[in-house]
Structure formats: structure tokens, C-alpha cells
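Asker: Next up is a structure, given as C-alpha cells.
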Amino acid sequence: MQHNKILIRQLGLQPYEPVSQAMHEFTDARDEDTLDEIWLVEHHPVFTQGQAGKAEHVLVPGDIPVIQSDRGGQVTYHGPGQQVMYVLLDLKRRKLGVRELVTLLEQTVVNTLAEYSIESHPRADAPGVYVGERKICSLGLRIRKGCSFHGLALNIAMDLTPFLRINPCGYAGMEMTQMRQWQPAASPETVAPRLVANLLALLNHPPHEYLPRD
């Protein structure tokens, strides 16, 4: 069995909770023979609270549900037009520490945005990726049994106004941005394959397979 191979699932537009549950079940059931996976998904509008999330950072959720998550970090928003990439990796197999994985995911986004002539950077004091002072990508992980789950959320072509109902990632007044501000044609469909390709490159080009859409 080719343990190094990574399977890539394209889940389309999905509610948050069933995907989160599936991710937990996958991680709990893993053993040393389980192949790593990358899940690409867009979510219906939802606020997710991180494990250390404080209720005061949810200002006026209104009609958007607030769901507790066990990832790191504070509250964020997911919605259509944002590409979420969940990384279900055996860190020992990949010879990665948690901090290295965070850096690798941030660099994946920086490299992807550079292909679209968008200059971006991570910040030491606030995980994620930024264009100037504005946040374009949120990041939150959980490690269980030496395996990662959760991942990143890149704003591409979405309605950003729900971010005004929260303090994104616990920072009051944090301004958000998205790829469409610089690249009007950008879409999750076109950006997702570039994200995956850049992540695989940083993982030293392991064999991979896109699974057929369900």
C-alpha cells in the first residue's frame, strides 16, 4: 500500500456540522494504514467558535447560526465563495510538527495568491494570511492521535458583511478582504486546484488522487 498517497475529496457546498462530524469520525477511525486526505468544501453561512472562543467576540449573529468547534482559534465566518481546505494528515508520516504544518499552510496560501499577483504575508501575532493589514485567510487546526484535522478558509468571492457581526479571530475591528478585490474572475472552482497543487509541492510532491465527486 502506498502510504504516502493523498486522496483529495471535492465536497461542493455543504452545511458545516455534517462535514465536521465526518472529519472527526475519519480521524477517530484512522490507523497507520489510513491514507491522508484533503477535503475541499464551501459551507452554508455559519459562525464557528474555536476551542478557546469567547462569547463576547460574537457581536450580533442575527440569523446566522453559531456552532462550537474544537479547532484552535476564536470565532470566524464561513460562507459560499470561501474555499475551505481541511487537511487530514498523519504528522508523523509527513515528518511535520504542528507549528511546521501551520507555517506550511500559510505558505500554501501565500504562494497561491502570488500566482494571482496578490502579495500577502503571515503574521507572527495572529495566525492566518494577510494582504496589507486585512485578513484574507483564516487558519485553525486540531491534532488528535498525531493527526491533523480542520484547516484553512480562503476568502475568494463572497459576501464579507457577516464578518462585521463578529470580532474575526478575536480581534475587534479586524478588516477582512478577498481575492475578488484584485482578481474579479477568481472563484473557488479555479482557485481550489491551485491551493492543492501548492500544498502538495510543499509536502514534496506526494502521489495524489482526486476522488470522483459524490
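Just so it is clear, glycine is given a Cβ too, placed from its N, Cα and C backbone atoms.
What Swiss-Prot lists as domain 'BPL/LPL catalytic' is 32-207. Per Swiss-Prot, the feature substrate binding site maps to ARG71, GLY72, GLY73, GLN74, VAL75, THR76, TYR77, HIS78, SER138, LEU139, GLY140, GLY151, LEU152, ALA153; the stated evidence is sequence analysis. As annotated by Swiss-Prot, site 'Lowers pKa of active site Cys' applies to LYS135. Per Swiss-Prot, active site, acyl-thioester intermediate is recorded for CYS169, and the stated evidence type is sequence analysis.
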Asker: Using the alpha carbons only, what distance in Å do you get between TYR77 (substrate binding site) and LYS135 (site 'Lowers pKa of active site Cys') once rounded?
Answerer: 12
Asker: Please report how many Å separate the Cα atom of CYS169 (active site, acyl-thioester intermediate) from that of VAL75 (substrate binding site), as a whole number.
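Answerer: Just about 5 Å between their Cα atoms.
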Asker: What residues, ordered by sequence, lie under 8 A Cβ-to-Cβ from VAL75 (substrate binding site) and sit at least six positions away in the same chain?
Answerer: PHE47, THR48, GLN49, GLY50, GLY53, HIS57, VAL58, VAL66, ILE166, ASN167, PRO168, CYS169, GLY170
Asker: Sorted by position, what residues of the same chain at least six away from GLY140 (substrate binding site) have a C-beta under 8 A from it?
Answerer: GLY50, SER69, ARG71, GLY72, GLY73, THR76, PRO127, HIS150, GLY151
Asker: According to DSSP, which kind of secondary structure is CYS169 (active site, acyl-thioester intermediate) found in, if we only use helix, strand and coil?
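Answerer: It is helical.
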Asker: Can you check what DSSP calls VAL75 (substrate binding site), collapsed to helix, strand or coil?
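Answerer: For VAL75 (substrate binding site) - judged by DSSP and reduced to three states - the answer is coil.
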Asker: So how many other Cβ atoms are close to GLY73 (substrate binding site), meaning within 10 Å of its Cβ?
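Answerer: Looking across every protein chain shown, the total is 23.
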Asker: Among all protein chains shown, how many Cβ atoms are found within 10 Å of the Cβ of TYR77 (substrate binding site), not counting that one?
Answerer: 26
Asker: Take the C-alpha atoms of LYS135 (site 'Lowers pKa of active site Cys') and LEU152 (substrate binding site) and report the distance between them in angstrom, rounded.
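Answerer: Cα-Cα, rounded: 12 Å.
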Asker: Which has the fewest other CB atoms in a 10 Å radius around its CB: ARG71, LYS135, the listed recorded positions?
Answerer: ARG71
